[in-house]
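Since the structure comes first, as structure tokens, the remarks are kept for the end.
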Amino acid sequence: MTRSAQRIDWIDAAKGACILAVVVYHFDIFIYQGMHGGHPIVALWDGVISALRPLRMPLFFLISGYLASTSISRRSWAQIRTKKIASLLWVYVLWAVIYWVIVVHILPGNPWFESSFNQDMTMKDFIRRMVTANISLWYLYALVLYFMAAKLMRSATIAIGLGIVANIATYLVFDPSNWGMRSLVGYFVFFAIGAYARDFITTHYAAFNLKRFTATLALTLLGLAIAGHFSLLGAPGVEMLLGVVMVSTTIDAFALACRHMNLHYLCLIGRQTLPIYVMHRIVLHFMSPYMPETTNSFLIAIEPVIATLAITVACLMLYHGLLHSSTKARGLFAMPHTVRRVAYRAGVLKPV
């Protein structure tokens, strides 16, 4: 495998792992804990998923920043606004509305979780939740804001420095229940690192480094143990520091895995994260009333794995089914040409 090909596989494999971690996290919250709450196996799974918290979204955003680096540094505002920001906003708003309509007004309720997304929600409440990132699709909204912020700053020192300050400030400014704003403000530092440290990442993480991996793995295990024992994960800066170390460890792990293992299917998932991300909560909500209850410990233990794979496969089948059924279905995952032309005529966007 060539070095460039290895880099592509490393990114795709990591993205695939990230989206699977997101799916299993949501399955744990919205179905698994409600079905089997109190079971020791559920507690074990919940502990593992909680331990991945400093890694899951930081790695996702670092990769997003890494891939956006060229656009941020070399493309004009008009190009970014037309090709990136507008399309992300379109997908965010469109799927937020789709989610609201399907989950609130069409599908039966989730018997395992009482959601605040219900028929009592007004349009004003819905818009407020979209603006404050208090919605499951907040990652897309964050990318829009991160693109603009990174482009405005145009400096690694300023972007990463402000990202660190913002991350720490979230613990002092926002209540823990306000997870949307905490996430929106706090994760920018990882996007900034990916965007402005692209050359460093490419140079130093192009290949597996045993000494670095051993050191960061030891720091990860020690950090998680200390944070867990002293309940420090919610302390300012702790999750960010753990995230940096865990991201480094994971990148090295995937660099090694891509060299010695066939990660074709994981990479395939990593190249199609958008449809999985926007659809998995709908699929999860659809399947929630039909989840078979069981007391078998083995089935309870493997349930998150089976459910995560089933949800992921269902999303990809829906995605490809939509694309094959109509060419217009592409407008569900990127701004359609018709809408773009209207934006051109209105002067909102400029052809580039």
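Each Cβ is built from the backbone N, Cα and C atoms, and glycine gets one as well.
As given in TrEMBL:
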| type | residues | note |
| --- | --- | --- |
| DOMAIN | 8-316 | domain 'Acyltransferase 3' |
| TRANSMEM | 12-35 | transmembrane segment |
| TRANSMEM | 55-73 | transmembrane segment |
| TRANSMEM | 85-107 | transmembrane segment |
| TRANSMEM | 127-149 | transmembrane segment |
| TRANSMEM | 156-174 | transmembrane segment |
| TRANSMEM | 180-201 | transmembrane segment |
| TRANSMEM | 213-234 | transmembrane segment |
| TRANSMEM | 240-258 | transmembrane segment |
| TRANSMEM | 265-286 | transmembrane segment |
| TRANSMEM | 298-319 | transmembrane segment |
| field | the transmembrane segment (265-286) touching the transmembrane segment (12-35) per 3+ Cβ pairs under 8 Å rule | value | yes
| For the transmembrane segment (298-319), distant same-chain residues with Cβ under 8 A (at least six beyond the ends) | 19-20, 23-24, 27-28, 31-32, 36, 39, 41-42, 45, 269, 272, 275-276, 279-280, 283-284, 287, 291, 333
| field | Range from 55-73, 85-107, 213-234, 265-286 with most C-beta pairs under 8 A to the transmembrane segment (180-201) | value | 55-73
| Which of 55-73, 85-107, 127-149, 213-234 contacts the transmembrane segment (265-286) most, counting Cβ pairs under 8 Å | 85-107
| note | Per the Cβ under 8 Å criterion, with at least 6 residues separating them from its ends, the transmembrane segment (85-107) contacts 115, 117-119, 121, 126, 130, 135-137, 140-141, 143-144, 147-148, 274, 278-279, 281-282, 285-286, 332-335, 339-340, 343, 348-349
| note | Averaged over the domain 'Acyltransferase 3' (8-316), the pLDDT of the predicted model comes to 94
